[in-house]
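So the structure is just underneath, and the comments pick up after that.
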Amino acid sequence: MFGIISAGLAPGIALLMYFYLKEKYESEPIHMVIRLFILGVLLVFPTMFIQYVLEKEHISEGSFVVSFLTSGFLEEFLKWFLLMVSTFQHIDFDEHYDGIVYGTSLSLGFATLENILYLIGNGVEYAFMRALLPVSSHALFGVIMGFYIGKARFSDSKTKMKWLLCSLFIPALLHGLYDYILLALKNWIYFMLPFMAFLWWFGLRKAKKARSVKTGGQPLQQ
């Protein structure tokens, strides 16, 4: 059991430290990162309950609905809602990159517990593939969500709503595509590899842009 828990924890902690240590100007208080990680862990339980109810009520049927609604939109909406409530007006949210730290912290808390539960049920031999795919993808959805939340935080009132909508719907769409590839496509690996390559490119590009701007600097480009 210790080996399974360690294998489940390791990729999430490693990715979280990677994005946390990339902050260029002023690192976020560690208590904020831990708090958001724990919130992400706790979010797994209501998410699983809602998904269970949707399945039992036959609302969630078919690969498309499961991928884009029950998984993609539901999970990203709940993460987005928690981020907005707990961080958007927080005094420590004073740099664009902070949104990325917050987004990855919460997303990786969610992904880490999900990963541990999967490995307990299916075996530690899946740990490597889980680290490459679901854990990494959750981290990158968090990066993208946090990037656009950061844009909204430091934008004027005319563009704030646009970036808030982007912060929800772009990660939800990408998450839905990820799940649809897994659930609906027969030779999914041939589609998943280029999709993950794109996701890493897109996420790291957003992280680099956010790191380049300090509060009071030039507005971030999309």
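Including glycine, each Cβ sits where the backbone N, Cα and C put it.
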Swiss-Prot topology check: GLU28, LYS208 same side of membrane: yes
Maximum Cβ pairs under 8 Å to the transmembrane segment (130-151) - stretch from the list 1-23, 31-53, 100-121, 181-203: 100-121
Long-range neighbours of the transmembrane segment (31-53), counting only residues six or more past its ends (CB under 8 A): 16, 20, 60, 70-71, 74-75, 78-79, 82-83, 86-87, 90, 92, 101-102, 105-114, 117
DSSP residue counts for the topological domain 'Extracellular' (54-99), split into helix, strand and coil: 32 helix, 0 strand, 14 coil
Intrachain neighbours beyond the topological domain 'Extracellular' (152-180), with Cβ under 8 angstroms and 6 or more residues off its ends: 63-64, 66-69, 71-73, 75-77, 80, 84, 88, 93, 96, 99, 137, 140-142, 144-146, 192, 195, 199, 215, 219-220
Helix, strand and coil residues within the topological domain 'Extracellular' (152-180) as assigned by DSSP: 26 helix, 0 strand, 3 coil
